Amino acid sequence: MLVCSGGIKTETSLSAEFKSDWKKPLEILYIRDLPAYLWMTLGNSFITKKRDKDMDNHAFEKENGDTNTVEVPMNHVKPTNGDLKGCMVVGTESQYPPEEPLGSRASSYQLTVDNPDPDPPPAGHDNNDDDEEDDEDYGLLTMLPYYHIFKEKVDKASKSWKERQMGRRVLITVLALLYTVYFISVLAVHTEIEKGDYWCEGDGFLILITIVGIIGLSYFQIIKPMWGPYLHQHLIKPIDVIFANIWSHRLVRWLFCLVLLLSVVVFLGLDTRDDPRRLVSVFGVIVLLLFGFIFSKAPRKVRWRHVAWGMGLQFMLGLIILRWPMGKAVFQCAGVKVSAFLAFTDAGSSFVFGKLVSEDELFAFKVLSVILFFSFCIQILYYLGVMQWVVIKLGWCLQVTVGTTACESVNASANIFLGQSEAPLLIKPYIILMTKSELHAVMTGGFATIAGTVLAAYINFGIDSSHLLSASVMSAPAALAFAKLFYPETKRSRTGADEIKIVKGDEANLLHAALSGVTTAIPLVANITANLIAFYAFITFCNAVFNWTCILAGAQEGVCSLENLFGWIFMPLAWLMGVDWSECDKVGELIGLKTIINEFVAYAKLRDFKKIGAISKRAEIIATYALCGFSNICAIGINLGAIGSMAPSRRGDIARVAWRAMIAGSCACFLTACIAGTLLDDFPDAGTTSTANTTDLTP
C-alpha cells in the first residue's frame, strides 16, 4: 500500500505500467500536496488498522528509526515511477533478483518511507535538541574555496583502515624521533646522582624506561606483525608439541615434581643454616596445607597440579621479589615511585581542605583522598586499554602454569589491581555457567587480595609499599592453589572459554573516564568512613563491657579487652608464620581485628604499633603480608551482593561457598606471610620506608 497525493494506489492502478519499466531504480519523489503529507503522518496507525482488517490484500509496514518500510505481498505487482508520483516514497529495497524475466513476480518488495516529525515544535519555539544534533559545519574555514572538497577527501581517508594504521605509525615515528632527541640531550647533560639510587632516580631511570619502550615497540610494531605467524608456526608450535608429548608421560611429571621439591628442600636447608628460626615458617606452610586437605570438600578429587604449581609459582615470585637483588630493587623502586605518585594527592586535598591536610593530617581528609586520586588514574588506564592488557596477560600466565580455567585465572589476576566486587565484572557473562568450585575460586581470589585503591590508602598509613605490592602479586597464585585444595573441582567446567574478551567501557572520552573513576570512588570512601566510625565505636563498647565483667571477677582494670582476646586466640597462628613468641600476641591481635572487622582497622593498629616501637621489623613485615587481603566477615556480605547481582540465579550456590571462600582467602594470605617469613633474612634493613625518598617529588 502506498500513500500518495491522489489517494491510495491499489494493485489495479499500479499494475498497468509495472511490466514495462520495473527495473529502473526508484528516484526521490516529491509530495504534491499537503493532504498527502498529513495523511502520511498517520500512516503507521492507518496501515496497522488496514492490515488487521485485511491481511491478505494490503501491505505490511515495519518501523525502524526514522523510516517506515512498507512491504507489499506477492499478489501485488511492482509500481513504477509514474505510479508513485506525489507519494512520500524516498527509496526502495528490491528483492527481485536481476536474472528474473521481465514481468515475473517476487514474494515481496519494500519501500522505505521517511517519517515526519510526530510532534513538531510550536511556532516561535527553538528546538534545542535539533540544534545540538546539527552536524552542519559553519566554522571560519568553510569560507575558504574548495573547503568542502578537501574536507570530504580527508574524511574519506580517515575512514580507511589502512590509512588510519599508516597515520598511527607516522605519529609514533614522529614521537619516537622527538623522544630520541630529548634522550640524547639528557645523556649529554648527565645529571649527577648517588650510585645507589642511579637506576631509580634521574637519567638511570630514564634509561630503563627507554629500554623497556624500545623492546615493547620492537615486539608489537615490528616482530609480531611481520614474523609473528611464521615464528608461531615454525618455532613455538613445534616446541609446544614436543613439550606436550614429553609431559604426557606420568613418570616425567613425577620426576619433575620430585626434582623441584628436592631443590627447594636443599635451598632452604642451605639458606637457613645460620637462621633456623625461619624454618618455623616452612612448618607453617605444611600445617596450612594439611588443614586445607583435611577439611577439603572432596579430598579424593584434589588435582595436585593446581596446588603444586600455585605454591611453586608463589615461591618463585617470592625468590624474585624478596631475595633476587634485581627483583628486590625493582619492587623497592616501584614502591618509592608509587608512594611519590600518590603524594601528589596532597596538592588537591590541601587546596580543598587546607590545614586539615597540610598541618593536622586528619585521616578522613588526607588518607581517604588518596582513594579518589588513585581511582581517577585507574579508570583512565582502563579507558586506554592498559589495565585490560595487563590483566589478560597475567591471567594467561596463571592459566598455563597453575592449570585453572580462563575465567578463574583472569579473575585472580584482576584481583591484584581491583577489588572483590569489581574484578568479577570482567567475567560477568560466564558466572552463571560456573561450577561451585569455580565460584569458590573466584570468591577466594577476592578475599585473598586487596584493591589498588585501598592499597594506596595503606601506603599512606606508612606501611611499606614494596611489601604491599609484593603481597598483592604473591597472593594471586596462592589463592588459586588453596581454593582448588579446599574445594576441588568435581564436575566438568561449562564455561568453555579459552580466551576472555573484556568489553571496553562506554565512556565517551578520556575526561569522561576520569570523572567516572572519581564518581565510582565516592561510595567507597563513604563506606570506609562509615565502617570505621561504627566499628571503632563498637570495639570501644565491647572493650568496656568485657573489661567490666573482668573487674567484677577480680581482674585488674585494663587487662581484659577485645584486642587481648584476639591476640590470645591467634597467637599459635602468628607463631606458625614465623613471628617470635614474645610478639605473637600483638600480631594475633592484628589478625583478629582483620578477620572480625576489616584490614583497614588492622593496618591502622599496625601503624600505631610502629609509631611507639612496640613491634619488631620481622613481625611487622610478616603482619603486612598476613593482613593484605579482604578476608573478613563483613566482606562476605559485599561478595554476596556483588556477585549475586551479576548472576541472580546462582545466589544460592554463592551463599553456600561464601564461608569456605573467606577461610580459603585468609589461608592464602597466611601462606604468603609464611613464604615471606621463610625467605626474608635481612630484617634490620628490609623495611626501608618507601616514603623516605619522596619529599623531593611532592608538589
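Even glycines carry a Cβ here, placed using N, Cα and C.
TrEMBL does not curate its annotations; it predicts them automatically.
Here is what TrEMBL records for this protein:
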- 92-135: region 'Disordered' (REGION)
- 170-193: transmembrane segment (TRANSMEM)
- 205-223: transmembrane segment (TRANSMEM)
- 251-270: transmembrane segment (TRANSMEM)
- 276-295: transmembrane segment (TRANSMEM)
- 283-356: domain 'Concentrative nucleoside transporter N-terminal' (DOMAIN)
- 307-326: transmembrane segment (TRANSMEM)
- 363-384: transmembrane segment (TRANSMEM)
- 364-461: domain 'Nucleoside transporter/FeoB GTPase Gate' (DOMAIN)
- 467-677: domain 'Concentrative nucleoside transporter C-terminal' (DOMAIN)
- 467-487: transmembrane segment (TRANSMEM)
- 508-526: transmembrane segment (TRANSMEM)
- 532-553: transmembrane segment (TRANSMEM)
- 565-582: transmembrane segment (TRANSMEM)
- 622-645: transmembrane segment (TRANSMEM)
- 657-680: transmembrane segment (TRANSMEM)
Recorded stretch that, among 276-295, 307-326, 508-526, 622-645, has the most CB pairs under 8 Å to the transmembrane segment (363-384): 508-526
The transmembrane segment (307-326) versus listed stretches 276-295, 565-582, 622-645: most Cβ pairs under 8 Å: 276-295
Per Cβ pairs under 8 Å, the stretch of 170-193, 276-295, 508-526, 532-553, 657-680 packing most closely against the transmembrane segment (622-645): 657-680
Outside the transmembrane segment (251-270), six or more residues from its ends: residues with CB under 8 Å to it: 279, 282, 308, 312, 315, 678
Recorded stretches the transmembrane segment (276-295) and the transmembrane segment (657-680) touching, at least 3 CB pairs under 8 Å: yes
Tally of residues which DSSP labels helix, strand or coil - the domain 'Nucleoside transporter/FeoB GTPase Gate' (364-461): 78 helix, 0 strand, 20 coil
For the transmembrane segment (532-553), sequence-distant contacts whose Cβ falls under 8 Å of one of its Cβ atoms, 6 or more beyond its ends: 559-563, 565, 597-598, 600-601
Residues of the domain 'Concentrative nucleoside transporter N-terminal' (283-356) by DSSP state, where helix covers H, G and I: 64 helix, 0 strand, 10 coil
Long-range neighbours of the transmembrane segment (467-487), counting only residues six or more past its ends (CB under 8 A): 288-289, 292-293, 295-298, 302-303, 306-307, 309-311, 313-314, 317-318, 321-322, 331, 334-335, 338, 394, 398, 401-402, 404, 408-409, 412-413, 415-416, 436-437, 440-441, 444-445, 447-450, 455, 458-459, 621, 624-625, 628-629, 657, 660-661, 663-665, 667-669, 671-672, 675-676, 687
Residues from the same chain, set at least six apart from the ends of the transmembrane segment (657-680), whose C-beta lies under 8 A from its own: 268, 272, 278-282, 284-285, 288, 291-292, 297, 311, 314-315, 318-319, 322-323, 436, 439-440, 443-448, 467, 470-471, 474-475, 478-479, 481-483, 486-487, 573, 576-579, 595, 618, 621-623, 625-633, 635-636, 639-640, 686
